[in-house]
Structures are given as structure tokens and as C-alpha cells.
């Protein structure tokens with residue numbers, strides 16, 4: 001509806017405003033639009049007079065156009081922030097911490113950018129180009145991670161507003177620059193003027209360059225989130241986002257890995273090479289315009305201005321299309337009613353049912369897959385980084401360590417086994433009448449994790465061994481990793497029962513526990529990590545110190561710890577079922 005040229009009945013709006021409390025109960029968005037220059041005021045003769053200089057259409061009829069400026073959207077976002085903080089001490093403390101962190105980052109970033117004046121001019125320019133590029137890339141990708149948390153990022157949340165697409169775009173632009181982190185980013189960018197400008201021309205053109213680059217960051221991020229908003233509401237879209245984030249994190253580590261590996265002995269040369277590639281990109285032109293301050297800078301700023309206008313126009317077109325397109329997340333999907341291979345092998349019963357359910361969760365639920373992707377990514381980076389050791393010492397440890405780290409990280413997936421079930425865990429009370437039933441449930445969950453993790457850890461061990469130079473080291477690496485995985489499953493069963501918490505089902509799969517359960521989630525994760533690492537020392541330490549034959553005992557040891565953890569946790573879960581259900585059913 002916002003994409004169409006709609007008119008607002010001023011008299012009707014004035015009537016709606018007469019019940020301010022009802023508007024407040026109806027939601028912050030409606031209340032935010034109902035004041036501050038966007039309302040119709042009664043004229044002297046009782047006729048409605050629109051605010052902001054809007055005029056009535058020829059022909060009368062009481063239909064008038066109400067102008068809604070960006071200030072309304074700014075007040076709307078501020079009201080949403082204030083309403084979110086109301087009545088929650090933890091959220092207030094979190095906001096205060098965010099505010100302090102933003103001030104600290106802005107101050108430190110400004111002085112670091114200003115300190116570029118102490119470096120040689122060519123080095124300072126190269127650093128400015130790279131940092132400006134980081135700002136643009138960060139502004140493009142970070143809103144994707146916040147999608148589902150910030151209502152102003154999703155155009156469907158604003159689709160019922162009776163506004164033209166252009167008005168909505170201006171308002172969304174205003175909300176994008178409203179917040180502590182956008183202001184902190186702008187302050188850091190302004191520091192580049194002090195660090196790169198060489199004269200009054202550089203300062204004046206630098207102000208324009210910073211504002212244009214900041215506007216480019218905003219419109220680019222809005223274009224990306226608006227164009228992908230329909231996809232990000234679907235499960236597959238969130239899966240693609242999770243994988244993309246993992247690859248982005250890996251790419252961010254590439255320069256560090258190359259430097260540590262001795263690819264380039266001169267960091268300045270590597271910096272200059274990267275800046276040379278980025279020189280003719282929009283951030284590169286902005287940084288060069290600040291340092292140049294001449295005719296070339298004017299041309300570069302003109303190009304930047306045209307680019308901002310073009311991307312802004314593309315954003316408005318994408319916004320118009322998003323407001324009138326069907327939501328892909330509401331479309332039906334095909335359902336496969338088939339058993340997996342493991343479920344066919346296992347005899348019918350509770351164990352097979354739990355395994356099948358957990359494997360489906362692992363395949364379909366983005367909340368679980370994010371943890372798997374993170375574990376694999378960290379392990380891959382560790383394998384590549386450790387293999388770059390040029391000293392020639394401790395080779396077997398460097399070959400086995402990545403697989404062991406992978407076993408620890410994958411074992412953490414079981415630290416909150418019941419969290420994803422949420423309120424549906426109540427159905428277990430219908431069929432679970434003994435302690436053995438709970439032990440069977442945990443065994444099914446562990447078997448599902450092991451079905452996925454065992455081949456992955458074997459593959460990681462092979463890759464790490466190849467990078468280290470001896471394929472035979474993959475055998476002790478895989479055995480040690482499997483044993484550590486069993487230890488992680490055992491300790492995770494205990495934390496799942498004694499420190500349970502819910503994993504909210506949100507559009508954003510990168511969110512953690514529900515509000516009020518952050519401390520429990522922290523204790524559960526670090527308890528499982530530290531406890532599992534300590535229990536795994538008897539099998540991991542000898543192998544890492546050069547005794548690979550000890551890895552033969554790793555798998556039996558891991559199975560023993562896993563069995564013991566399941567037994568203790570299953571017996572306790574039978575008695576603590578009400579507490580577990582209350583924790584995992586916590587409102588998000």
C-alpha cells in the first residue's frame with residue numbers, strides 16, 4: 001500500500017488522534033506517525049487544515065494530502081527504542097553499554113584516523129582507502145545480520161503506512177542514520193579529514209567526500225536489505241546468509257594468514273597492492289579526493305554523487321517492488337514423507353524417532369546450522385593457519401590439533417540439547433514415564449550429532465594431515481577427534497539438563513538466548529567447553545605431545561564419558577522435567 005499514491009482523510013485522522021491511549025496500545029509505529037507535523041489541525045471554522053502546508057484536492061470532499069517528513073520516522077525509531085527499554089533493567093543496561101562502547105569506538109577511531117597525518121602521505125592514503133572500503137563493506141553486510149531484529153530494515157513492516165514510495169524511502173534513510181553506531185561511523189570518517197587533507201581545499205572537499213561516502217553506505221545497505229528482504233524471510237534465504245557470513249569471516253582472515261605464512265615480507269607492500277586495486281572504487285575515490293583537494297577531487301566527488309543518486313533510485317525501485325510482491329515466506333513448500341537411511345537401519349522405536357527428528361532439525365532449522373557452520377569455519381582456519389608453521393617442529397601436533405578443536409566445537413552443539421525444541425518439549429511428558437526414556441532421548445540426540453560429525457571430523461583430519469605433509473597422521477587425528485566428540489556429548493548432556501535455556505525462533509538465526517537467559521547461556525556454553533576440555537585431557541594431551549598410539553584409547557574413552565553423562569543427565573531430567581520445560585519455553 002505504501003508503494004501507491006494514497007490520500008489520507010484528515011478528519012478521520014483527527015478522530016483517531018483523539019484517542020491517544022488507544023494509539024499507544026496499538027503499537028509504536030502508528031503512534032509515531034500520529035504526531036509532529038503529520039496530523040491535520042482543525043481550522044477556525046471547524047474544517048480540517050493539514051499540517052505542513054499541504055493542500056486539499058480540487059473538488060473538496062474532506063480528502064487532503066498529509067505531508068510526512070523524515071522527522072516523523074526519526075521520532076518513530078526513537079519511540080521504538082524507548083519502548084523496547086521500558087520495564088527491562090537488562091535491556092537498559094545493554095543500551096548503556098552499547099552507548100558507552102559506541103562513544104569509545106568513535107573517539108578512538110577518530111584519533112586513529114587523524115593520526116594518519118604522522119605517516120608518509122602514500123601510506124596514509126593507502127590506509128584511508130582500505131578503511132573506507134571496510135566501512136562500505138561493513139555497512140552492506142551488517143544490516144543483513146540484523147534483519148529480523150530491527151523493524152525498520154524490513155519494508156513489509158512499513159507497508160501499511162499510507163505513504164508514497166519516495167516518502168517511505170526518505171523516512172527509511174532517516175531511520176538508518178538514527179542511532180549511536182551510525183553517528184560513531186560518521187565521526188570516524190570525519191577523522192580522515194584531519195589525517196589526509198593537505199589544505200583548505202582538501203578540508204572543504206573532504207567534508208563533501210565524507211558525507212557522500214556516508215550516504216553511499218546508507219543507500220547501498222538499504223538497497224541490499226530491501227532487494228533481499230523477501231528471501232531473508234525464508235528458511236533457505238537465512239541458510240544462504242549463514243553460509244555467506246562464514247565465507248566472509250574466512251575471507252577477512254586471508255591477509256593475516258598470508259602474512260603469517262610468509263607470502264609477503266613487507267606489510268607496506270601488501271597494503272599498497274591492495275589499495276592500488278581499490279583506488280578506483282567509490283571508497284578509494286573518496287579517500288583520494290580528501291588527500292588531493294584539487295580538480296581531480298572535484299571530478300571524483302561528482303562521480304560519487306552520481307553513484308549515490310543511481311543507487312538511491314535503484315533502492316526506491318526495489319522498495320516499490322518489495323511492497324507489492326507476495327511474501328515468499330508464506331508460500332507453501334513441498335513436503336517429503338520419507339525416512340532417512342539411518343532411520344531405516346534402526347529398529348522402530350523412540351530411539352529411531354528421536355534420531356530422525358534431530359536430523360530433520362539439522363537439515364531444516366537455521367538456528368542449528370549456524371553453529372555447525374561456525375565450527376567448521378573455525379576449524380578450517382585453524383588447520384590452514386597451523387599448517388603455515390615454518391619451524392618444522394611439532395608437526396604431528398599441528399596435524400592433529402585442528403581435528404581435536406573441531407571435536408570440541410562440534411561437541412558444543414549438544415550443550416543445550418533441548419533448547420531448539422522449545423514449547424514442543426511438553427509432548428515428551430506424554431510418552432516419557434521413566435528415567436530410561438530420557439536416557440533414550442539423549443542417546444538419539446547424540447547419535448544424530450555423531451552421524452553428521454564423524455565423517456566431518458575424519459575429513460578435517462585428512463585435510464590437516466595433508467597440509468602438515470603426512471597423510472598417516474590423519475588416523476590418530478580422526479580417532480582423537482572422535483573421542484573428544486564423545487566427551488563433549490557427555491558434558492553437553494549435563495549442561496542441557498542442569499543449565500537449559502531456549503533458542504528463540506526468529507528471522508535472524510544469529511541471535512542467542514531469549515532476554516533474561518543470557519547468563520545461563522554463557523554458563524552452559526563455557527561450562528561445556530571448559531568441562532569437556534578438562535575431561536578430554538587424558539586422551540588429547542598425550543597425542544598432541546607425540547604419542548599417537550594413545551589415540552586408540554580415545555574412542556572407547558569418549559563412548560564411556562558419553563554413556564556416563566547420558567545416564568546422569570537422563571536420571572536428573574526425569575526429576576527436573578518441569579524446570580527444563582519452563583526454561584526452554586521461556587518467552588522470546
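The backbone N, Cα and C atoms fix where each Cβ goes, glycine too.
The region 'Disordered' annotation in TrEMBL covers 1-63.
Feature annotation from TrEMBL assigns compositional bias 'Low complexity' to 31-57.
Residues or ranges marked as transmembrane segment in TrEMBL: 92-115 (among others).
The transmembrane segment annotation in TrEMBL covers 127-147 (among others).
Marked as transmembrane segment by TrEMBL: 168-194 (among others).
Residues or ranges marked as transmembrane segment in TrEMBL: 200-219 (among others).
Sequence annotations record features per position, and here TrEMBL assigns transmembrane segment to 240-259 (among others).
Per TrEMBL, transmembrane segment is recorded for 295-316 (among others).
As annotated by TrEMBL, transmembrane segment applies to 370-387 (among others).
If you look at the transmembrane segment (393-412), the same-chain residues 6 or more away from its ends with a CB under 8 A from one of its CBs are 371-372, 374-376, 378-380, 382-383, 386-387, 449, 453, 456-457, 460-461, 463-465, 467-470, 473-474, 476-478, 480-485, 487-489, 491-492, 525, 528-529, 532-533, 536, 540, 543-546, 548. What TrEMBL records for 393-412 (among others) is transmembrane segment.
As annotated by TrEMBL, transmembrane segment applies to 446-467 (among others).
Sequence annotations record features per position, and here TrEMBL assigns transmembrane segment to 479-499 (among others). Tertiary proximity for the transmembrane segment (479-499) is limited to same-chain residues at least six positions away from its ends with a CB under 8 Å from its CB atoms, namely 400, 403-404, 406-408, 410-419, 442, 446, 449-450, 453-454, 457-458, 460-461, 520, 523-524, 527-528, 531-532, 535-536, 539-540, 543, 551-566, 568-570, 572-573, 576, 580.
Here TrEMBL flags 520-541 (among others) as transmembrane segment. Residues of the same chain lying 6 or more positions beyond the ends of the transmembrane segment (520-541) and with a Cβ under 8 Å from any Cβ of it are 404, 408, 411-412, 414-416, 480, 483-484, 487-488, 490-492, 494-496, 499-501, 512-513, 550-551, 553-554, 557-558, 561, 583.
The annotation transmembrane segment is assigned in TrEMBL to 547-565 (among others).
If you look at the transmembrane segment (295-316), the same-chain residues 6 or more away from its ends with a CB under 8 A from one of its CBs are 165-166, 169, 201-202, 205, 208-209, 212-213, 215-216, 219-220, 222-223, 226, 282, 285-286, 288-289.
Between the transmembrane segment (168-194) and the stretches 127-147, 200-219, 446-467, it is 200-219 that has the most C-beta pairs under 8 angstroms. Beyond the ends of the transmembrane segment (92-115), by six or more residues, the same chain brings 81, 85, 128, 131, 180-181, 183-184, 187-192, 194-195 to within a C-beta distance below 8 angstroms of the stretch.
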